[in-house]
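Novice: Let me begin by handing over the structure; questions about it come next.
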Amino acid sequence: MIVIFLGPPGAGKGTQGKKIAKKIDLPHIAIGDIFRTIIKTSTSEAELINNYVRQGELIPNEIVNQVIKNFLLSFEYKNGYILDGYPRNLEQAQFFESFIKEKIKIIYFDVSGELLIKRILGRYSCKNCGKIYNRYFLQPKTDNVCDVCGSSTFDYRKDDNEEVIKKRIEVYKTETYPLIDYYKNSGNFYIVNGSKNEQEIAMDIQKILKIN
């Protein structure tokens with residue numbers, strides 16, 4: 001089973017992707033994580049990608065498509081995976097379908113712009129285990145101590161400022177809304193209310209995927 005999580009930045013795709021992937025024992029592949037890993041390398045590709053990220057612009061299709069194809073074909077995912085953040089537009093979707101023949105389920109996270117901004121501005125994660133927190137909605141139970149691993153080192157994303165976030169959301173709308181219309185006619189497109197709390201969203205996704 002291949003499941004695609006669609007939604008704007010801050011919609012909760014990463015949080016739910018990790019949660020659902022663990023429950024059904026499938027890999028969670030997040031395009032954002034892949035590119036952040038590339039950016040940490042000292043290569044011309046990393047510098048090019050980082051320039052787009054800093055300006056709040058989407059990385060060009062030809063770069064995204066090739067990175068994703070190379071990544072997916074370099075591993076054997078016999079039982080499928082959860083793909084988070086790709087495809088983001090119609091061209092990427094058609095490219096994806098050109099080399100992936102398995103049946104796909106698409107889940108779209110519908111969230112208001114105001115809530116998205118708060119989620120992104122407040123977001124940070126444990127450097128050790130990757131657990132995601134939020135200054136507004138989800139703090140560790142003990143100040144500066146990760147609930148999962150006990151680490152006291154956290155990572156705050158440098159590209160998360162309000163001006164860049166608003167631009168990313170607008171760019172996302174322009175790029176991705178035609179893709180939503182495209183998938184609506186596939187028979188495998190589902191919408192979840194991303195404004196609900198984490199547990200409620202997880203339950204909605206489990207119903208769609210028919211898992212307990």
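Our numbering is plain: 1 for the first residue shown, then up by one each step along the chain.
Each Cβ is built from the backbone N, Cα and C atoms, and glycine gets one as well.
OK, Swiss-Prot features for this one:
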BINDING   GLY10, ALA11, GLY12, LYS13, GLY14, THR15, ARG123, ILE132, TYR133, LYS196  ATP binding site
REGION    30-59  region 'NMP'
BINDING   ARG36, GLU57, LEU58, ILE59, GLY85, TYR86, PRO87, ARG88, GLN92, ARG157, ARG168  AMP binding site
REGION    122-160  region 'LID'
BINDING   CYS126, CYS129, CYS146, CYS149  Zn(2+) binding site
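Describe each of these features in terms of where it is and what it packs against.
Specialist: A simple way to gauge crowding: the CB of GLY10 (ATP binding site) has 25 other CB atoms within 10 angstroms, across all the protein chains here.
Counting same-chain residues at least six beyond the ends of the region 'NMP' (30-59), those with a Cβ under 8 angstroms from any Cβ of the stretch are 13-14, 17, 67-68, 71, 83-86, 88, 159, 163-165, 167-168, 171-172, 175.
If you draw a 10 Å sphere around the CB of GLY85 (AMP binding site), it holds 23 other CB atoms from the protein chains shown.
The region 'LID' (122-160): residue composition by secondary structure is 0 helix, 12 strand, 27 coil, according to DSSP.
Counting Cβ atoms from all protein chains shown, CYS129 (Zn(2+) binding site) has 12 others lying within 10 Å of its own Cβ.
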Novice: What Cα-Cα separation, expressed in whole Å, is found between LEU58 (AMP binding site) and CYS146 (Zn(2+) binding site)?
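Specialist: Pair distance, Cα basis, whole Å: 32 Å.
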Novice: Identify, in sequence order, the residues in the chain of ARG168 (AMP binding site) that are 6 or more apart from it along the sequence and have a CB within less than 8 Å of its CB; answer 'none' if there are none.
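Specialist: Non-local contacts for ARG168 (AMP binding site): PRO8, PRO9, GLY56.
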Novice: Across the region 'NMP' (30-59), what are the DSSP residue counts per state (helix, strand, coil)?
Specialist: 20 helix, 1 strand, 9 coil
